[in-house]
């Protein structure tokens, strides 16, 4: 067999029955239609235990790309942290106890949601209880979600935090993730969340629930809740400690570096002394903070096997998904392997991606076409549209997003045939195939379900249903490379 291989990941395009709110089935997509008619295809599971998440938990881009790149199921931080809370080992964690001994008040920040993509409410509340049992006053800095869960669900999670309120546990600030969890160096957003958390800017006399209700009445949903300080909160004190409870790294880096970093260049923090800081996981290799759940080494990965075989590879994506085809795809390793090239295409600078549903797909495709013409042995490319436009809740824009991806797929498949590439086309998780629920309410979160996988390769006439963990072994089989014992079985 031994073919050069192109792996295409169409982010956020999954499988659900046809409906008016399924952007995938509603789109005009001649390339996909042709693949359904003539290419071997099967469904792959992208959620729950099949990708190392709790049963029934929706998949996400980080987990999906890690699973694809590792070629096996990796139990995710979400599962590990939940187990540590359940069995009591987190309370005895030496890093946590050491941090506790050095700090007075504890500022505990995180995404207040059970979406399980960046955080989980049970982790945030579990840590609050642990620190209060250790005698600390705990000040909660709640980041409202509205993206991985319903856009008006924050009251439910705030109620859970309020149920814990005591002499030691209080809600200090609220901020929408649009401000507190940017990942694209939009420092004006981070600065607003920083000001509220670090200094108690934008005070309100409203209770947490009253404040959320006032924001809703102003037409502002959870993702975009304006940062506010509550209950007379006035900011950090020199003896305080700051804990960030999100486990996913990409949207934690900016806010944690702003609040905890000794040196910081995103904006002028004025006369600022950062507090002692504790991170849930490893957000960035350059961060000096202690970590509750350090990164486990994931090897071998697909990229590693290809590199060690002396072959060349190219990883392509636009900004929104660049970390996914590099850092996450390579098992949490930032540095490229030998003979691994990378192309980053800037994502369009728009407030929300429904304003430009094609995003940077044409440029991503151009870079991939160039890679095939240069003869890279393996290319992985991500199209972000289905996910990023799906998150806006705009069905018409999501349909346009699918059509944009379909156009670029047509160009890539034509060049792949010309240049002798095998093609594996799949997704990391679903999103745009379910834009509204059965009641007609907008859905902005990922779906719980399967995605399609198509394979165009010499001698492949049929593939099995399976999981994302089987993609890497399938690539290696097509490329004529041995599959490491740590990886799972291929799809044919």
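From the backbone N, Cα and C atoms, a Cβ is placed for every residue, glycine too.
Features of the protein shown, as given by Swiss-Prot:
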- 11, 61, 428, 429: Mn(2+) 2 binding site (BINDING)
- 61: active site, phosphoserine intermediate (ACT_SITE)
- 118, 147, 148, 177, 183, 248, 249, 250, 251, 321: substrate binding site (BINDING)
- 387, 391, 446: Mn(2+) 1 binding site (BINDING)
Other CB atoms, at most 10 A from the CB of residue 429 (Mn(2+) 2 binding site): 29
Structural state of residue 428 (Mn(2+) 2 binding site), classified by DSSP into three states: coil
For residue 446 (Mn(2+) 1 binding site), the one of 11, 118, 251 that lies nearest, given that the binding-site residues are compared by Cα: 11
Fewest other Cβ within 10 angstroms of its own Cβ, chosen from the binding-site residues 61, 249: 249
Fewest-neighbour residue among binding-site residues, criterion Cβ within 10 Å, set 11, 148, 387, 428: 148
Rounded inter-Cα distance in Å - residue 118 (substrate binding site), residue 61 (Mn(2+) 2 binding site): 11
Neighbour-count leader, CB within 10 A, binding-site residues: 118, 183, 446: 446
10 Å Cα neighbourhood of residue 429 (Mn(2+) 2 binding site): matching binding-site residues from 148, 183, 249, 251, 387, 391: 387
Nearest of the binding-site residues (11, 61, 148, 183) to residue 387 (Mn(2+) 1 binding site) - Cα to Cα: 11
DSSP-derived class (H/G/I helix, E/B strand, else coil) of residue 251 (substrate binding site): coil
